[in-house]
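Swiss-Prot annotations:
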ACT_SITE  10  active site, nucleophile
ACT_SITE  52  active site, schiff-base intermediate with substrate
BINDING   10, 12, 186  Mg(2+) binding site
């Protein structure tokens, strides 16, 4: 049938961890612990969505971070430096990720609504498997259990922005066509992943990395501040090529209804 058969969901900032704070805070701590180099939360967010080693590599190439590194060490960050920061990052992230495993508001009801429509729930993450093996059961205790998940280091081909994790979900879930899949993410590399896989893509402008607020901060934010931050996040996600941008996963069923109507008219992603 010419309709959406599966959604492939990101984790932090999409289904759990409103604001995607678990990885950002740990990057700051890992740089400090490994080399006594300070980076800001805003800098830590810039490459979000990539695999974590690649994320550290991208952070080292940010002009401001590179300038700090050059001032301290007289050279740019090396692969060995990235390995050292990653080695500091991993135990910190494994220890802390369960503290950020609660589903974002609306996720559980949305998953139930999608499953009621016969839609399968795939997922993938920029987290490596060692982190996912802690996060997945912790999220399950809170009621979020996707049908399949893939970690960024599971596949030889690699992770985002390549299509491979999304396509591995297609295979595992037995979906007949990539045009019958929707990739949902709160960061640009995840949107690129979906586009490269030939899927419809939906960006989340409020619940995730680009908006960058805790749930409590969001709840007390003025309408004006919300509007400014939403527009900033949405512009980045649209620039990455997202077909749709909404606030959070709670808005996804309406988007899928719209995509189903387009599929019925013969449209493709």
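One-based numbering along the chain as shown.
Quick reminder: no glycine exception, Cβ is built from N, Cα and C everywhere.
Within 8 Å of the centroid of the Cβ atoms of 10, 12, 186, where the record puts Mg(2+), the same chain has further Cβ atoms from 11, 13, 14, 15, 17, 20, 48, 49, 125, 185, 187, 190, 204, 208, 209. In this structure, residue 12 (Mg(2+) binding site) is part of a beta strand by DSSP. For the recorded positions 10, 186, counting C-beta atoms within 10 A of each C-beta gives the highest total at 186.
Between residue 186 (Mg(2+) binding site) and residue 52 (active site, schiff-base intermediate with substrate), the C-alpha separation comes to 16 Å. The two recorded residues residue 12 (Mg(2+) binding site) and the residue listed as 'active site, schiff-base intermediate with substrate' have their Cα atoms spaced 13 Å from each other. Mapped onto three states, the DSSP output places residue 186 (Mg(2+) binding site) in coil. Looking at residue 10 (active site, nucleophile) and the residue listed as 'active site, schiff-base intermediate with substrate', their Cα atoms lie 14 Å from each other. Summarising the environment of residue 12 (Mg(2+) binding site), the number of other Cβ atoms within 10 Å of its Cβ, over all protein chains shown, is 30.
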